[in-house]
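Feature list (source: TrEMBL):
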- 1-15: compositional bias 'Basic and acidic residues' (COMPBIAS)
- 1-57: region 'Disordered' (REGION)
- 16-57: compositional bias 'Acidic residues' (COMPBIAS)
- 71-113: repeat 'WD' (REPEAT)
- 114-155: repeat 'WD' (REPEAT)
- 165-196: repeat 'WD' (REPEAT)
- 197-238: repeat 'WD' (REPEAT)
- 244-285: repeat 'WD' (REPEAT)
- 286-327: repeat 'WD' (REPEAT)
- 327-368: repeat 'WD' (REPEAT)
Amino acid sequence: MAEPARQHESDHEEFLDPDEVDEEQVLEEDGDMMEEDDDENGEEAQEYDAEGNPVDDDEMVELQDDSVQGFFTHKEPVYDVALHPVHQNIAVSGGGDDKSYLWRLYDGEQLYEFGGHSDSVTQVAFSVDGTYVASGSMDGKVRVWKSETGEFVCELEGPDEVVWINWHPKGNIILAGATDSSVWMWAVPSGAFMNVFNGHSGPVTSGMFTPDGKKIVTVSEDASLIVWDPKTASAVHRITSEDARFHSDVITCLAINKDSTLAMTGSADGTAKLVNIHSGNILGSFENHTDAVETVGFSDHLNLAATGSLDGRLNIWDVQTMQLRTTCEHKGPIIKAQWHKTQPLITSCSADRSVQVWDGRTGQNLKIWLGHQDAVLSFAMTNDGLTCVTGSDDGCALVFRMVDN
């Protein structure tokens, strides 16, 4: 698209009604929309460049928008997006409007609206085979629907504000971590309560089943990591800040390698730690950032890991030697990074409003996608690595493609 759809609070109501939008409108109807970029007094609104800097009237330039499609119904920050694991032309997004939506990538068409929450939707996720889609909210509830029909399945209650949700990698069991330091587990579709995991003393910032489904790993603002037995809800290993080798501040993020043997944690103390899940031993520390580490991840293809920080740097590390391999840089804080499933590439999103793709082996920048008018909070990549769906503070979800059309 040559022009971005910038007016998220007013203009969208005129041309982005879900019942009226079609592919032609979103992809081609760009000229007239952008000509109405004036305030209520008839004065031209301030323009900004791709880095968010004001542009003087005598050097006005069109804002770059590389997106090929979008979903504009939220009107509030889009906190999370996810792609159907099988039908990858289907996305779900959740946001500050207390709702989540199921929609199609190729035309931006809304398929289903999922309501029932009374506070912001913080995370959305499909079950492993895509049969179910769930939303977790700050209202303390997890709600589940059938993705094919939009039929409501169950509402899961128990936690305080839900920070994250995670499906079992082999079955219809779902976890939720909360601000009240608890982690809950239920069966779907029955909604039956299975276990509650108590052991942290602060909000549980991240957690997940190991890829083999045999363990659960959680981290908390109390600077602790716990490995759990899902069946008994007992702690198998616990690492805290009392160990001087571990984190000294809030743990913000977590990743587990595909073999279910290693966990990586990122912290507000600016470091990332490598932990053996089976033994509970701390294997080492990744130290190169000057601000909080917000995202971590393992490559499935190479013995590499990544750390992304508020300092704007995405560091690529050799897991075996614990040495820094290369550094990729954004112009603003990095919010999320994720390795590609089928390639040695990594994608990152940032408060600088961009999404970027890098070669994890060399650090070479392969793609920069622009189009959002505020921080990019989340993204999801298709399995082939060619399409990216994003959610932003600007209230929009956009679709980008590696191959230009």
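Including glycine, each Cβ sits where the backbone N, Cα and C put it.
Remark: the repeat 'WD' (165-196) contacts the repeat 'WD' (114-155), by the rule of 3 or more CB pairs under 8 A. Sequence-distant contacts of the repeat 'WD' (114-155) (same chain, at least 6 residues past either end, Cβ-Cβ under 8 Å): 76-77, 79-87, 90, 92-102, 161-172, 174, 176, 178, 186, 188-191. Taking every recorded stretch in 71-113, 197-238, 327-368 and counting its Cβ pairs under 8 Å to the repeat 'WD' (244-285), the highest total belongs to 197-238. Within the repeat 'WD' (327-368), the DSSP-based counts of helix, strand and coil residues read 0 helix, 24 strand, 18 coil. Each residue in the repeat 'WD' (197-238) has a pLDDT score, and their mean in this model is 98.
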